[in-house]
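Colleague: Quick one: the structure is below, questions incoming.
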Amino acid sequence: MNKIKKISVIGSGYVGLIQGVGLAELGFEVVGIDIDETKVKALNKGECPLYEEGLEELLKKHVNKNLVFTTSYEPIKESEIIFLCVGTPQDKDGNADLRFLFSAVEKIKETIDKNDYKVIVIKSTVPVGTNRKVKELLKDYNVDVVSNPEFLREGIAVYDFFNPERIVLGFENLDNKKPIEIMKHVYKYFDEKGIPFIITNWETAELTKYASNAFLATKISFINELAKLSDKVKADIKTISYAMGLDKRIGNKFLNAGIGYGGSCFPKDVKALIKQFENNDIEPILIKATDIVNEEQIKWFFEKIKNYYGNLNGKTFAVLGLAFKPNTDDLRESRAIKLIDMLLENGAIVKGFDYVKKARKNATNLYKFDKSMAFYGYNIYILDDLYETVKDVDGIIVTVEYNEFNNENWEKISNLVKRKVIFDGRNILVPEKIKKFGFTYFGVGR
Ligand SMILES: NC(=O)c1ccc[n+]([C@@H]2O[C@H](COP(=O)([O-])OP(=O)(O)OC[C@H]3O[C@@H](n4cnc5c(N)ncnc54)[C@H](O)[C@@H]3O)[C@@H](O)[C@H]2O)c1
Ligand SMILES: O=c1ccn([C@@H]2O[C@H](COP(=O)(O)OP(=O)(O)O[C@H]3O[C@H](CO)[C@@H](O)[C@H](O)[C@H]3O)[C@@H](O)[C@H]2O)c(=O)[nH]1
């Protein structure tokens, strides 16, 4: 087989950027293609548009060497491999919106020669049947379409790229060895590391991605539902999770009760999986419940806060954590933002903080410039200092699971707040430590 020289990666968002930078680090010549001109300009200067540990260093190392970014599709002519990493957000009905994907496929069609052999690899999370549709759209072209779902976690995405737990590859026809060999060559580094490869058909690969996300989301909703009962009967959900997790069949991961899952994947992927069941005339009982429990969890927590104060009008709260999880600037479906909105709608004043500077910047922009949010802009302040944030507040609300909160100076915090009340939405604080400084502590199911 000829050595693969150039790889094109379409979409330079989270997944595309990690994929592009990672492949460049593995020695490939990579072209990143995105329709967002501002993003492309920044990337070519080595400026990373998103916060992800280790990403900017790798970007700077490779950009304008074996990694370039462009808005033009022309470079795909020179690439045998084209990765599709565009967004597949939720549409108004809960389905995956495939407009970006199909528009990228149209651009590919317009650009490549019908006879030039290409492997089109779909990394984006797409509903069952999408790879088949893409192949159908390209039926007159000499292409193979490969489903290669991505499993990286934000916050540790660079680590995840180099250390995946499995590589799932779905093909049209397993007797056609050419695309299988090409993909094995591209991922030789992982093959040599002994990472398991799952070589299967398109539909299995597509559904594996949704199954994995929905299962993890279900674990979270399971423990969150139990937390509500724990709360009522004075059981401790943290101890329950710990004890459950010691059973290796259950495992301790994704059993942390809190204010629900957020982010760019779980909420939309669970909803899109529900739709795939419904579109196939099957009632998705369990997965629907996962979604409902998650939507309810944040409301339940908010009610807890409201019940304590009676009336939130004019009360000031410090919200510690803005992004959907630690070590990211990503506010997509962030539970913190959902909670802030509820507080603001009820007349409260919010002071928000996150350890990640870009998360603070994104939140400032959201409330200042997003038309639907700007209305609330008067009552929300995003601050760069945690101690400034807690100053004179009626309550502290923890919304992101940063362990670092435990290492803050709680004596100082206790002297700064107006009222010593804490709502720990992630059960991350050590209550015994906080209570020593006179705080009233409320967790989730503890
Ligand atoms: N973010 C994650 O942690 C993660 C992890 C695994 C899988 N996924 C999946 O990967 C896909 C991408 O997610 P993301 O978070 O990187 O999305 P994103 O929104 O961060 O990035 C998508 C990028 O695609 C670009 N784009 C849109 N249409 C284009 C086109 N026609 N041509 C070129 N570029 C185009 C956008 O400008 C944007 O930069 C989704 O399907 C998502 O579900 C995401
Ligand atoms: O015990 C837990 C674990 C997580 N969460 C929340 O769940 C959400 C998602 O967390 P996580 O899975 O760590 O973040 P993502 O970066 O969205 O990664 C998920 O979504 C990606 C996109 O599909 C997949 O690639 C990853 O494998 C999958 O973990 C966050 O809001 C967390 O706060 C909990 O509430 N309790």
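Glycine is treated like the rest: Cβ placed from N, Cα and C.
What TrEMBL records for C265 is active site, nucleophile. Taken from TrEMBL, the feature NAD(+) binding site covers D34, K39, T88, T125, E154, K268, R332. Sequence annotations record features per position, and here TrEMBL assigns substrate binding site to F151, L152, R153, E154, K209, F254, L255, N256, A257, G258, G262, K325. The domain 'UDP-glucose/GDP-mannose dehydrogenase C-terminal' feature in TrEMBL is assigned to 318-431.
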Colleague: For ligand 1, pick out the binding-site residues T125, A257, K268 that have a CB under 6 angstroms away from one of its atoms.
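Modeller: Checking each Cβ against ligand 1, the ones under 6 Å are T125.
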Colleague: Which residues, sitting 6 or more apart from G262 (substrate binding site) on the same chain, put a CB under 8 Å from its CB?
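Modeller: Looking at Cβ-Cβ distances below 8 Å from G262 (substrate binding site), excluding near sequence neighbours, one finds F324, K325, R332, E333, S334, R335, A336, K338.
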Colleague: For K39 (NAD(+) binding site), just give me the three-state DSSP call.
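Modeller: For K39 (NAD(+) binding site) - judged by DSSP and reduced to three states - the answer is helix.
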Colleague: Would you measure the largest Cα separation among F151, L152, R153, E154, K209, F254, L255, N256, A257, G258, G262, K325 for the substrate site and round it to whole Å?
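Modeller: Among the residues the record ties to substrate, max Cα distance equals 24 Å.
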Colleague: At the Cα level, what's the spacing in Å between K39 (NAD(+) binding site) and the residue listed as 'active site, nucleophile', rounded?
Modeller: 22
Colleague: Over all pairs within D34, K39, T88, T125, E154, K268, R332, the annotated NAD(+) binders, what is the largest Cα to Cα distance, rounded to whole Å?
Modeller: 24
Colleague: Near ligand 2, which of the recorded positions K39, R153, C265 are found, taking a Cβ distance under 6 A to any of its atoms?
Modeller: R153, C265
Colleague: If you compare CA-to-CA distances from T88 (NAD(+) binding site) to each of the recorded positions R153, K209, A257, C265, which comes out shortest?
Modeller: C265
Colleague: Just the number: how many Å between the Cα atoms of L255 (substrate binding site) and C265 (active site, nucleophile)?
Modeller: 18
Colleague: For the binding-site residues listed here (K39, R153, K268, R332), which one has the lowest count of neighbouring CB atoms within 10 Å of its own CB?
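Modeller: Sparsest of the binding-site residues K39, R153, K268, R332 by Cβ contacts within 10 Å: R153.
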Colleague: For D34 (NAD(+) binding site) and K209 (substrate binding site), determine the Cα separation and express it in whole Å.
Modeller: 24
Colleague: Which of the recorded positions K209, A257, C265 has its Cα nearest to the Cα of E154 (NAD(+) binding site)?
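Modeller: Closest candidate to E154 (NAD(+) binding site), judged by Cα separation, is C265.
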